[in-house]
Ligand SMILES: *Cc1c(COP(=O)(O)O)cnc(C)c1O
């Protein structure tokens, strides 16, 4: 059976080599006589898997020792509450930059627990750019400033981080984790749902500076307190064992096959350039994001004619280029070209777009 090129915003493609290893190890993981799915999370065999996954993540992302790495559940969306419950703890104030649906949801969740302020937004132009900010826009007594680094739905990314001075910067990196190097020291905390660039759904990564852990609000549920999971090395309760195992395989793929995040970035830039260059020169298709804020991971584009967009999506699907329909708030198409999308997949997409353009002029 032929595999399709899956341009879904998430869950998304996984590297084929990872799927093959997982298949090979499905019935008998390295002589244990069982699948990782069936294994006790307290077993020696599993302990090595979760420890290796953390060590690999630390090595690949260059995470300093004063940051805790946690393997959690509940998706990016649970982090919206966790961030507020754990970090809105001194003055009960936090500043949010609204760059799309995910940032807005995080802001609304925080507003349930304290004084959340939307300090900037790009909603006026359907989130097609990253709003400019400077230090004076943030409240001096804000407990943190929050951003969504890569905006999955709208295809924008922060190429330059906001200057927040001494206020900790918290970022949702769900759709750009591991796509390029990130300077972790610039953040108080980072989190990501795994299903975009790391693993199947079910795992959420949190990377939190140690001094920010341990001051959660009194009402914070035990399971939503970072301290609970940091103190227990992510084994307070049963973690998403199998998903962590796949994340480990993906991390090994990045380290050994790709050659690290600098290389990963090069590959991602090469893929994105192919698509953006085509969009910039096409007479039919156009990108929806201002060039300086374009994402390497999510590329929304339109023809300007909803009927033609629908025809494109239908014919692309028939050609094995699937899940390319845009989000309903943007319309048109969106190609998510995460780490595991091979270069050949983007070549196939651009070739198909050329053909479609010629046939529909
Ligand atoms: C997908 C996504 C989320 C939501 O993740 P869930 O795991 O579905 O809760 C949050 N933020 C960003 C940037 C995303 O891309």
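Including glycine, each Cβ sits where the backbone N, Cα and C put it.
Not measured: the values here are computed from a predicted model.
Residue 42 (L-glutamate binding site) carries neither a helix nor a strand DSSP state and counts as coil. Counting only residues at least six positions away in the same chain, the Cβ atoms of 235 sit under 8 Å from the Cβ of residue 42 (L-glutamate binding site). Sequence annotations record features per position, and here TrEMBL assigns L-glutamate binding site to 42.
Look at TrEMBL and you will find 76, 77, 102, 152, 172, 195, 237, 238 tagged as pyridoxal 5'-phosphate binding site. Residue 237 (pyridoxal 5'-phosphate binding site) is surrounded by 12 other CB atoms, counting those within 10 A of its CB over all protein chains shown.
The feature domain 'Aminotransferase class V' is assigned by TrEMBL to 4-349.
For 196, the entry in TrEMBL reads N6-(pyridoxal phosphate)lysine. Other Cβ atoms within 10 Å of the Cβ of residue 196 (N6-(pyridoxal phosphate)lysine), summed over all protein chains shown, number 28.
Checked against ligand 1, the binding-site residues 76, 152, 237 give 76, 152 in sequence order as having a Cβ less than 6 Å away from one of its atoms. Taking 102, 152, 172, 237, 238 as the binding-site residues under consideration, the smallest Cα distance to residue 196 (N6-(pyridoxal phosphate)lysine) is found for 152. Fewest other C-beta atoms within 10 angstroms, among the binding-site residues 77, 238, are seen around 238.
DSSP assigns residue 77 (pyridoxal 5'-phosphate binding site) to a helix in the three-state reduction.
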